[in-house]
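Summarising the annotation, TrEMBL assigns L-glutamate binding site to Arg41. Look at TrEMBL and you will find Ala75, Ser76, Trp101, Thr150, Asp174, Gln197, Asn239, Thr240 tagged as pyridoxal 5'-phosphate binding site. If you look up TrEMBL, you'll see 4-350 marked as domain 'Aminotransferase class V'. Sequence annotations record features per position, and here TrEMBL assigns N6-(pyridoxal phosphate)lysine to Lys198.
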Amino acid sequence: MRSFNFSAGPAMLPEAVMLKAQSEFLNWNNTTMSVMEMSHRSPEYMALAKKMEADLRDVMTIPDNYHVLFVHGGASLLFTGVPFNLTQPDDTVDYFDTGVWSNKAIKEASRYVNVNVVAGGGSNPTEIPAPSEWNFSNDAKYIHLCSNETITGLEFTEEMLEAVFAQGKPVIADMSSNIMCRDIDVSKYAAIYAGAQKNIGPAGLAILIVRDDLLGQARSDCPTLMNWDTYAQNESMFNTPNTWAWYLAGLVFEWIKDCGGVQAIAAINERKAQKLYDYIDNSGFYSNRIKVSQRSWMNVTFALPSEDLNAAFLAESKAAGLLSLKGHRAFGGMRASIYNAMPEEGVDALIDFMKKFAEQNS
Ligand code: PMP
């Protein structure tokens, strides 16, 4: 009944999560009301919020000296808030410019602080330059990067991240489109942030994981709701949170645990991405432009041999139950977002369809 939905976000959620939410939609936990209708300060909801945070800490092995904050405004308001929380106007900060999302973060930060671009630039780069070409500033307050560029499907490799950590500066990462796709060592980052609408839950919630010593440094004119302290000191409930999104995110974290944790899901993610890239590379029909070692596990972009075929590809894939494959307008072509909730059968079905389409149009 449900199609495979390859949307980049809001994206597919695990079916088990949707069914659980449906089954308790009208009467959550025998409270005889929906979780959506419940005060966020009620003991029942506070217990849900605590469990949700505990499960996330468990799933990502978040050390005790980190706060987990649940915030409004999406990943965009979070990247706007980084300079407000960590710098004064005359400070310098280092940013990687590896695609649309890191570039938006740069544009925003440049309004409030001096930004040095470490590497990258240009429109939709298909590769992150080698560390030998990186240009760090001596006095940067932090280094910012987007670990996975959603539009192109360009992802930092482990080796590159290690080279960034080796600078010994606080590293702030936008992980909106690859959080929880594999195990990471949170303790290497000063802060990690992500919008929920890909691997966490529905839109309208964003998560910030921040080391405690980075709190308490916000500029005096930082808006209250952008100040990380506001969330840290009020259990992320300074004002009314998106209670429904928190609840669903909690179900997603439970689902990850039920699947065997991030490590188990990572093995499936690697397989899903590898088989799709293998097919694309060997098809003689489709092509992917991203440097092979930096290809994303989550967003797989590909082009057809002629743009004239795009409309037919999209119409026929939709008819076959494979939705939202159109690439971002900034990059063109197609994009299959295959986040944690995309079952392996979805990728198999996509490859089958792509094979048939290639045969019919070669
Ligand atoms: N960063 C990345 C990597 C993204 O993919 C997106 C959204 N697609 C954003 C930031 C912005 O997120 P939001 O819409 O939650 O502000």
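Positions of Cβ are set from backbone N, Cα and C atoms, glycine also.
Positions of the features from TrEMBL, shown on the structure.
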| residue | record | Cβ contacts under 8 Å, 6 or more apart |
| --- | --- | --- |
| Arg41 | L-glutamate binding site | Met237 |
| Ala75 | pyridoxal 5'-phosphate binding site | Trp101, Asp174, Ser176, Tyr193, Ala194, Gly195, Ala206 |
| Ser76 | pyridoxal 5'-phosphate binding site | Lys104, Glu108, Gly195 |
| Thr150 | pyridoxal 5'-phosphate binding site | Ala8, Gly9, Gly99, Val100, Trp101, Ser176, Ser177, Lys198, Met298, Asn299, His328, Ser337 |
| Gln197 | pyridoxal 5'-phosphate binding site | Gly9, Pro10, Ala11, Ala203, Gly204 |
| Asn239 | pyridoxal 5'-phosphate binding site | Leu225 |
| Thr240 | pyridoxal 5'-phosphate binding site | His40 |
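Proximity to ligand 1 (Cβ under 6 Å from any of its atoms) holds for these binding-site residues out of Ala75, Ser76, Trp101, Thr150, Asp174, Asn239: Ala75, Ser76, Trp101, Thr150, Asp174. There are 28 other Cβ atoms within 10 Å of the Cβ belonging to Asp174 (pyridoxal 5'-phosphate binding site). Figure note: comparing Cβ neighbours within 10 Å for the recorded positions Trp101, Lys198, the maximum is reached by Lys198.
The full span of the recorded pyridoxal 5'-phosphate binding residues, Ala75, Ser76, Trp101, Thr150, Asp174, Gln197, Asn239, Thr240, taken as their largest Cα to Cα distance, is 30 Å. DSSP classifies Ser76 (pyridoxal 5'-phosphate binding site) as helix under the three-state reduction.
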